[in-house]
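> Could you have a look at this structure, given as structure tokens, before my questions?
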Amino acid sequence: MADALADERAFVGELVGDRPAAWDLAGELPVELLQKLGAKGILCAEVPAAFGGLGAGSLDNGELTAYVGGLCSSLRSIMTSQGIAAWTVRRFGDREQRRRLLADLTGGRLAAVAFSEPEAGSDLSAMRTRISPDGGGVVVDGRKKWVTGARYADLLVVLGRHGDGAAAVVVPADAPGVHVEPIAAPLGCRAGGHANVRLEGVRLPASSVLGGGGQPLSMLFTTALTYGRMSVAWGCVGIIRACLESATGHTKHRRQSGRPLAGHQLVAGQLADLLVAEQVSTRVCEHASRAWESGSPDLVIEAVLAKHVSAGHAARSAATAVQLLASAGAEDGHTAARAYRDAKLMEIIEGSNEICRLILADHALAGVD
Amino acid sequence: MTAEQAAEAAPISAQAVEEALLAFLAERIKTSVAVDQDLFGSGLVSSMFAMQLVVHLEEAYDIAIIGPELKLDNFRTVQAMTALVLRLSAARDG
Ligand SMILES: Cc1cc2nc3c(=O)[nH]c(=O)nc-3n(C[C@H](O)[C@H](O)[C@H](O)COP(=O)(O)OP(=O)(O)OC[C@H]3O[C@@H](n4cnc5c(N)ncnc54)[C@H](O)[C@@H]3O)c2cc1C
């Protein structure tokens, strides 16, 4: 296990404590806590030290993400968004934008990333949001859906059409024309601060457009999503670990029919399934992180594979954990109950099960003449 | 000559980069393309492949393609990508 971010892990553990259950019930994270984590660089740990970040590798940040995911998927989802924002700035921003925005993102300012639209969910090529020239600057018009963390964000990284290509524009959440409408009661990651965002004639300086824009839309969203997939995949490893810990702890001590639950073979079999899920998901995430660290073009497909495998295992493991804890895990706020709701949504975001399978099938077919 | 070998033998020639790129495209998208063919306009490049292309060029030629260099115009054709690789390698070595 990686020790590189041990101090950061301890810092998160200390700050979070036993509060995730209450955050889940209240549907809100304390924004000061997010700012504190942000100011330590923990929410986007892969930002290089030269830009004020922790300079973590993908494996170390993955283990940190799994740790946070095991505590609270809402908090982990904020980490995913901040990480995507930082990665997008690193890839697409010019020199000045990288310096300025990465300092913001490791200095306590919070970011959310807006891809999805009412007419563009799985099919992001149907995106309609427009970033148009306006005097010396740009004007942004569009509607975005289900933006994680938008409620807490200072900055919204918005993807849209730009000329005959696309661009990512960094929009201050308090700019005139930005309307953030929180989603009242999400099924899972309840404290993730999801919101629909309307952008109506939002005027911004040209320096808000990352790298001046004009990127291929597909390159822009795949680059951003690939980081998101790595982060969600590792977050799911955390969910599975929390389920395994909760289920083994419970079934070892609670007795029914004269023996510990774990002494019944039907129960023991499910504990084995949880262990398999944890190991398989960890390994596939490690594999993807190594591809990421070595800069191999295969990292794009490995990230999809890791996300798909881990999200599926997390959803099944969470159902297993609720089954094994039964009434003890059936109360909202409980680790198993949260995992059950949170993990289901992991099968939807950053490429749903179906979209991941289509991509993987394409990949399988690509090798056939 | 593979792209990796091309990167070793400085200075790299436009022809070598073009040939390596055509081979990479043929292998990955199972289509032979012309050097001036619009890859994005013709739907040949999937969203996955768009990013793989960038990472491939960075790895093969030891260059960083970031910020304003990631414009559609730099990736539209094999010729455009070749020019990008030559320019960034020259900047790195110069
Ligand atoms: C918890 C959560 C957090 C989110 N955070 C963000 C965020 O931060 N930023 C953001 O921009 N968006 C965010 N989203 C939105 C998310 O990206 C979309 O929900 C997702 O892309 C799916 O789009 P959709 O909901 O419109 O479903 P649809 O695209 O309408 O899909 C509905 C169903 O049809 C299936 N389907 C669709 N197309 C195909 C196809 N071609 N073949 C087979 N099956 C298909 C899907 O897999 C799915 O099962 C979030 C969503 C959730 C639930």
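Placed from the backbone N, Cα and C atoms, the Cβ positions cover glycine too.
The structure displayed is predicted, hence computed values, not measured ones.
Pasting the feature list from TrEMBL:
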| type | residues | note |
| --- | --- | --- |
| DOMAIN | A:9-108 | domain 'Acyl-CoA dehydrogenase/oxidase N-terminal' |
| DOMAIN | A:112-202 | domain 'Acyl-CoA oxidase/dehydrogenase middle' |
| DOMAIN | A:221-364 | domain 'Acyl-CoA dehydrogenase/oxidase C-terminal' |
> For the domain 'Acyl-CoA dehydrogenase/oxidase N-terminal' (A:9-108), what are the DSSP-based totals of helix, strand and coil residues?
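Its residues divide into 75 helix, 0 strand, 25 coil.
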> Please list the DSSP helix, strand and coil residue counts for the domain 'Acyl-CoA dehydrogenase/oxidase C-terminal' (A:221-364).
121 helix, 4 strand, 19 coil
> Using DSSP, break the domain 'Acyl-CoA oxidase/dehydrogenase middle' (A:112-202) down into helix, strand and coil residues and give each count.
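Per DSSP, the residues of the domain 'Acyl-CoA oxidase/dehydrogenase middle' (A:112-202) fall into 3 helix, 50 strand, 38 coil.
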